[in-house]
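Working notes, beginning with the structure itself.
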């Protein structure tokens with residue numbers, strides 16, 4: 001390129017008037033089968049990218065992203081769970097020397113050491129050797145960390161009650177309940193609301209009573225004999241009351 | 001026609017050297033899966049970038065409907081998910097993309113680590129990469145709260161408790177993130193929104209620019 005004296009410009013700008021030919025560089029002198037990124041390799045990348053994108057879109061169509069019911073800070077029985085990539089940390093904090101009075105160890109010291117070591121890896125592993133077999137300490141530590149993360153994530157997944165988790169987060173239909181109705185008062189005195197909630201919309205231990213699709217007779221039977229987690233004999237009133245309660249519950253319809 | 005427009009602009013601005021600096025470089029044989037299939041491990045970094053672009057674009061579209069306050073956040077997400085045309089797809093892309101970006105970035109980090117590609121002269125690029133990793137984790141953590149559903153709220157409470165466990169500055173960190181030393185509520189949601197949409201993406205773009213500048217300056221590490 002022409003520089004210095006005698007250089008010509010476009011108008012009064014600093015753009016040189018001399019045009020450069022717009023042809024890709026020649027990489028044939030480079031070692032091996034070197035290829036130009038533009039446009040040869042980029043075209044291949046785009047093709048791989050399109051296949052990847054199609055697979056990704058299939059995933060989004062096949063599995064709609066989850067949405068639980070609106071946050072309710074008063075629900076203290078909710079068992080929280082972070083996104084899957086934080087599960088190993090969540091599990092670590094369950095062990096006795098990483099929780100309670102030792103929370104600092106599990107929450108700060110161990111993750112801090114791991115991340116610090118990762119950040120400073122080039123200064124901890126200083127030898128010129130790059131092959132994994134030739135630097136056993138660094139590679140061994142990384143494999144150990146990987147194994148620990150996989151183990152902790154696995155433990156967290158198998159010890160979590162996924163069905164209860166799905167139940168406690170469900171979006172429930174909101175129904176106006178007449179809390180002065182005789183049926184509701186019977187439900188209160190017989191401790192139905194303790195598990196099924198003040199709005200009878202269910203809780204961590206019991207399903208919603210709204211829109212069950214059961215007949216009054218079926219409701220009465222469950223109230224006396226129990227079902228699933230519910231023990232028999234929860235209902236302690238008279239047959240008259242049972243009938244009223246069953247009709248009230250069976251009459252709760254989701255909008 | 002396009003060529004004429006290009007020439008017209010190029011005559012005035014001399015853009016050819018600009019984009020050639022960015023795009024015109026060599027791809028060595030040992031990183032090209034067309035020559036050695038095992039070289040697909042070199043794709044993870046590029047795929048991380050690709051998913052990041054998906055995240056930015058889908059996130060931009062999500063903010064067209066999302067309302068960051070505790071009364072409307074969940075409602076707006078529910079509406080987006082169930083009523084808006086293709087809303088489920090856009091939200092799905094952002095939701096699954098968040099997981100995918102972590103997976104791809106993790107694989108990329110492992111590839112660089114096991115190949116010892118972080119050694120001299122590439123120490124700085126490794127450090128910037130680990131910082132990107134932290135920013136991505138931060139994006140995952142702050143984004144998890146935004147739908148304002150049960151799991152979002154209670155997972156964030158746990159996360160903030162972990163932040164609070166930091167000695168000395170714990171409570172200050174929690175207050176900075178949540179807006180209040182105890183309550184996780186309206187302030188927390190708006191702060192997490194601001195962090196998720198402005199602060200961390202700004203940091204991410206800066207770090208990614210540095211990451212790519214360094215890889216272009218130094219070139220990709222040689223074969224083992």
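All residue numbers here begin at 1 and follow the chain in the order shown.
Just so it is clear, glycine is given a Cβ too, placed from its N, Cα and C backbone atoms.
Positions annotated as domain 'Cytochrome b/b6 N-terminal region profile' by TrEMBL: B:5-224.
Marked as transmembrane segment by TrEMBL: B:39-67 (among others).
Below 8 angstroms of C-beta separation, residues 41-42, 44-45, 47-48, 51-52, 54-55, 58, 126, 129-130, 132-133, 136-137, 139-140, 143 of the same chain, each at least six residues beyond the ends of the transmembrane segment (B:96-114), sit close to that stretch. Summarising the annotation, TrEMBL assigns transmembrane segment to B:96-114 (among others).
Long-range contacts of the transmembrane segment (B:126-146) within the same chain, counting only residues at least 6 positions beyond its ends with a Cβ under 8 Å from a Cβ of the stretch, are 66, 68, 73, 77, 98, 101-102, 105, 109, 112, 118, 152-153, 155-156, 159, 188-189, 192-193, 195-196, 200-201, 203-204, 207-208, 210-211, 214. As annotated by TrEMBL, transmembrane segment applies to B:126-146 (among others).
Residues or ranges marked as transmembrane segment in TrEMBL: B:193-215 (among others).
Within its own chain, the transmembrane segment (B:193-215) has Cβ neighbours under 8 Å at 49, 52, 56, 59, 63, 68, 122, 124-125, 128-129, 131-132, 135-136, 138-139, 142-143, 146, 177, counting only residues six or more beyond its boundaries. Tertiary neighbourhood of the transmembrane segment (B:39-67): same-chain residues 30-33, 73, 75-77, 79-80, 84, 87, 90-91, 93-94, 97-98, 100-101, 104-105, 107-108, 111, 146, 197, 201, 204, 208, 220, selected by CB-CB distance under 8 Å and a gap of 6+ residues from either end.
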